[in-house]
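Chemist: The following block contains the structure, expressed as structure tokens.
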């Protein structure tokens, strides 16, 4: 059941389900932009028997799509910490989809390895920002281009792997986000790549190394796998898994497989 809490002056919707087995951390599920916590509705049932699972919707991403002031990774991080403190979550592993990964890494940096011992990210572009994606996130910030940019991104994210549950999520559960949210997403994403170079560059700047895993289906190129192998060669705390999915939405498309990856990764330390 979805609950609501006002934190830092904004509405935050969340679900808090299950109880972690002895010695296991909670799992905190973070979405990308333009999704609310229902993105994880197919994954949570596979995790809740073993873990306490907290899923939240970012500010401005509640069911009413409440308009709020400007915000970015800093505010998303602060809201997440405030929620976890309020509901008594101490040690946890962030599980982040796409550009929610920037928040997961910021949480790790701010809270330290004792509270955030591991991070799992799904389907985030690990290279420097590709030119076509850079053009798309710039177009998201233009009133006359944002809808076409969003449509183009959605087409690439689906890659022909349309299913009824995924269509329901994209067309019904994810509707209602207007130019305000999509333009902000473009700016925040662009700013993150400009600041850090890439998510891997951000990982290298963490104050304390800890195990980080990236699981992904896109893009389907050998050079992308080689990038991950090379990064692990420099940083043994990093690992990756390529998934057999077709879309950019693994928690929706492959919930059982993602749950297996999460359990294996978290249980390495327990």
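Easy rule for this one: first residue shown is 1, then count along the chain.
Just so you know, glycine gets a Cβ as well, placed from its N, Cα and C.
Quick paste from Swiss-Prot:
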type: ACT_SITE; residues: 248; note: active site, proton donor/acceptor
type: BINDING; residues: 99; note: substrate binding site
type: DOMAIN; residues: 25-156; note: domain 'AB hydrolase-1'
type: SITE; residues: 123; note: site 'Increases basicity of active site His'
Chemist: Express the distance between the Cα positions of residue 99 (substrate binding site) and the residue listed as 'active site, proton donor/acceptor' as a whole number of Å.
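Modeler: Cα-Cα, rounded: 12 Å.
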Chemist: Hey, how far is residue 123 (site 'Increases basicity of active site His') from residue 248 (active site, proton donor/acceptor), Cα to Cα, in Å?
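Modeler: The separation of the Cα atoms works out to 6 Å.
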Chemist: Using Cβ-Cβ distances, find the residues under 8 Å from residue 248 (active site, proton donor/acceptor) that belong to the same chain and are at least 6 apart in sequence, listing them in sequence order.
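Modeler: Correct list: 98, 123, 156, 157, 158, 159, 217, 218.
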Chemist: Using DSSP and three states only, what is residue 123 (site 'Increases basicity of active site His')?
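Modeler: In the DSSP reduction, residue 123 (site 'Increases basicity of active site His') maps to coil.
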Chemist: Indicate whether the residue listed as 'substrate binding site' is helix, strand or coil by DSSP.
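Modeler: The residue listed as 'substrate binding site' sits in coil per DSSP, no helix or strand.
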Chemist: Including all protein chains displayed, how many Cβ atoms other than that of residue 99 (substrate binding site) lie within 10 Å of its Cβ?
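Modeler: Taking all protein chains shown, residue 99 (substrate binding site) has 26 Cβ neighbours within 10 Å.
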